[in-house]
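Handing you this structure, nothing more for now.
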Amino acid sequence: MAVYSVCVTTGPYLMAGTLDNISVTLLGTCGESPKQRLDRLGRDFATGSVQKYKVRCPAELGELLLLRLYKERYAFFPKDSWYCSFICVKAPDGTCTQFPCYQWIEGYCTVELRPGTATTICQDSLPLLLDHRRRELQSRQECYRWKVYAPGFPGIIDVSNFEEMETDKKFALTKTAPCTDQGDSSGNQYLPGFPMKIDFPSLLHMDPNIRYSATKTVSLLFNAIPASLGMKLRGLLDRKGSWKKLDDIRNIFWCHKTVTSEYVTEHWCEDPFFGYQYLNGVNPVMLRCLSSLPSKLPVTHDMVAPSLGPDTCLQTELERGNVFLADYWILEEAPVHCLNGRQQYVAAPLCLLWLNPQGALVPLAIQLSQNPGPQSPIFLPTDSYWDWLLAKTWVRNSEFLVHEHNTHFLCTHLLCEAFSMATLRQLPLCHPVYKLLLPHTRYTLQVNTIARATLLNPDGLVDHVTSGGRQGLLYLISTGLAHFTYTDFCLPDSLRARGVLTIPNYHYRDDGLKIWAAIQSFVSEIVGYYYPSDASVQRDTELQAWVGEIFAQAFLGRESSGFPQRLCTPGELVKFLTAIIFNCSAQHAAVNSGQHDFGAWMPNTPSSMRQPPPQTKGTATLESYLDTLPEVNVTCNNLLLFWLVSQEPKDQRPLGTYPDQHFTEEAPRRSIAAFQNRLAQISQQIRERNQGLVLPYAYLDPPVIENSVSI
């Protein structure tokens, strides 16, 4: 008789325990144990519990290959979900084998767990294990199905494929979320004080292992309600028409000020701060260095001579690499719609900037269209105050549109959703790349589902705050994806291609490159451990299916994108994984976390414009400026959007934290520890640097970078 000690750890989360019966079977190279119920005196499998049981076998089982969990009804009690963290089995000879689980197990079912040692399909030779991999992937591919949201979009998760959870105790709050009696036949509802329509039915279909808990779902949906009710009580959400004076905008979020938002309010109209935002604002990826001026922007030296100074030549500055361009070509044919029944407008500006001898990036010239001519004047800092400010505000409106739709939502949210889907569908739990990427997929599918149900749905918040509305969003994202390349996706390559490696005070670049290097070093160690040769990469059919599905679903099979369709070397795999992890974590933090900081003062980031771009100079006044900015209620809805998307989940997991031990071998555990130490050093460097800055840049400080796109 052989006796195995089975230690079961239940997760610490709310209602993680279960009353259901749990039984196990151990499968080894020499046999299989009888099914045995895990039962002790008193309560079993309570939240956070660690409990030991004995499993008796007629003989030793040899090397353990699988652990089979049976979850079955207990007496007359209803189904009771269980979060199993991991199970450790100690053999009669003292050998311990850990079986990671880290998932909710719902209903009455059988779950098979493999030991924590990561293996590729090339390393599994036993038919039992190969069949287990096949069945696991088949099951997940049936569960996680692709859906086309709109033509030209990356593939998204089809939430309608999940069974609606009517009786699950853990998610009952989702069904009873407070809402008004207003709604429509599809089940959409309106929140108190919110103009937007919430597509509640789409939020009720989600696998619990990729979904927020009930508390977090409700918290996310209703985080902005106190602010919205405050605006409602003051009559701001219902007030149409122009702002009477700029200072009135200060009172919208009087109780939600930050150091940065206050700085923006004081300095938003200054040229150096306008340029600073291209480096360290929420869209720090727009600038390209120029060696010559494009024909569509006919700026002459005489035009900009007063800004350059008497001893500086425009051509010389171009040759020195001190002149940069922000080109919003993507907006040229963007559709527009109406807000409050009034036509809105979009410009496609060209903004020329100069790095002056003091190291400040300042605007030199702005053309508000892609077509030069008499009706498209080039605005200059020497123009009247209101002409120049209005031109810069048009650029800031373009910044809002390109940032929100492309830099933020497309390049982080939607692409990271596609990465998450491919990882779940093509890689089994025992695969090293699955174990590596899983922390960087946390909540991404859920938060994007919420975004589609609250922001992107017809009559959602996007339709209430932006010049283009939902149709503009669909156009910008599909157009943006059609031009997105692998170079754009990889930070070092992007910086090099844009010619911005030497601009001073570019904190996004400096911090981002350090974090990229730390991720790359970590990934290199993991990949080197599991993929010692080119052949080991090429023969991994699961890995090749994974990268192939990403190419097909995220980038729509577009070869000109430069994204890999197949991986041939460990080096190619390291680069691809580094880019994915960076964009799921650091890049999202850089383009998301500062939205409230830089957007709370609306004139700095207007979401819509009510007058067409000026075709002549000398006509702008304070009154015409206020009549161009968004109306009062549109401003408030815009700021609610910023507030909503700037909220972090309460159970944040910063970059480099891995509370779930999916890797159990010593080598990857050492690599994780080294990665954490390197991130700690980067954090210290950033904080020391920030002490000397008037406006600290902390969005890429590792402790505030979420591991995944989770908000």
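Note: Cβ is positioned from N, Cα and C throughout, glycine not excepted.
Residues or ranges marked as Ca(2+) 1 binding site by TrEMBL: G17, D80. Residues or ranges marked as Ca(2+) 2 binding site by TrEMBL: D39. Residues annotated as Fe cation binding site in TrEMBL: H408, H413, H588, I711. The annotation domain 'PLAT' is assigned in TrEMBL to 2-119. Taken from TrEMBL, the feature domain 'Lipoxygenase' applies to 119-711. As annotated by TrEMBL, site 'Essential for stabilizing binding to COTL1' applies to W104.
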In the same chain, which residues outside the set H408, H413, H588, I711 have their CB within 8 A of the centroid of the CB atoms that define the Fe cation site?
F409, T412, C416, V447, V591, N592, V645, V709
Could you round the CA separation between H408 (Fe cation binding site) and W104 (site 'Essential for stabilizing binding to COTL1') to a whole angstrom and send it over?
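For H408 (Fe cation binding site) versus W104 (site 'Essential for stabilizing binding to COTL1'), the Cα atoms are 31 Å apart.
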Nearest to H588 (Fe cation binding site) by Cα distance: which of the recorded positions G17, D39, D80, W104 is it?
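It is W104, whose Cα lies nearest.
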Give the mean pLDDT for the domain 'PLAT' (2-119) on the 0 to 100 scale.
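The average pLDDT of the model in the domain 'PLAT' (2-119) works out to 95.
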Can you tell me how the residues of the domain 'PLAT' (2-119) break down into helix, strand and coil by DSSP?
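Counts, helix then strand then coil: 0 helix, 62 strand, 56 coil.
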Measuring Cα to Cα, tell me the gap between H413 (Fe cation binding site) and the residue listed as 'Ca(2+) 2 binding site' in whole angstrom.
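H413 (Fe cation binding site) and the residue listed as 'Ca(2+) 2 binding site' have their Cα atoms 44 Å apart.
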Please identify, from the binding-site residues D39, D80, the residue with the sparsest Cβ neighbourhood, meaning fewest other Cβ atoms within 10 angstroms.
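Counting other Cβ atoms within 10 Å of each of the binding-site residues D39, D80 gives the minimum at D39.
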Where the distance is taken from Cα to Cα, which of the recorded positions D39, W104, I711 turns out closest to G17 (Ca(2+) 1 binding site)?
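Answer for the nearest of the recorded positions: W104.
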Determine, to the nearest whole angstrom, how far the Cα atom of D80 (Ca(2+) 1 binding site) is from the Cα atom of D39 (Ca(2+) 2 binding site).
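Rounded to the nearest whole number, the Cα-Cα distance is 16 Å.
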Just to be sure I understand the packing, how many Cβ atoms besides its own are within 10 Å of the Cβ of H408 (Fe cation binding site)?
22
Distance check, please: Cα of I711 (Fe cation binding site) against Cα of W104 (site 'Essential for stabilizing binding to COTL1'), rounded to an integer number of angstrom.
22
Compute the C-alpha separation of the residue listed as 'Ca(2+) 2 binding site' from W104 (site 'Essential for stabilizing binding to COTL1'), stating it in Å without decimals.
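Rounded to a whole number, the Cα-Cα distance is 20 Å.
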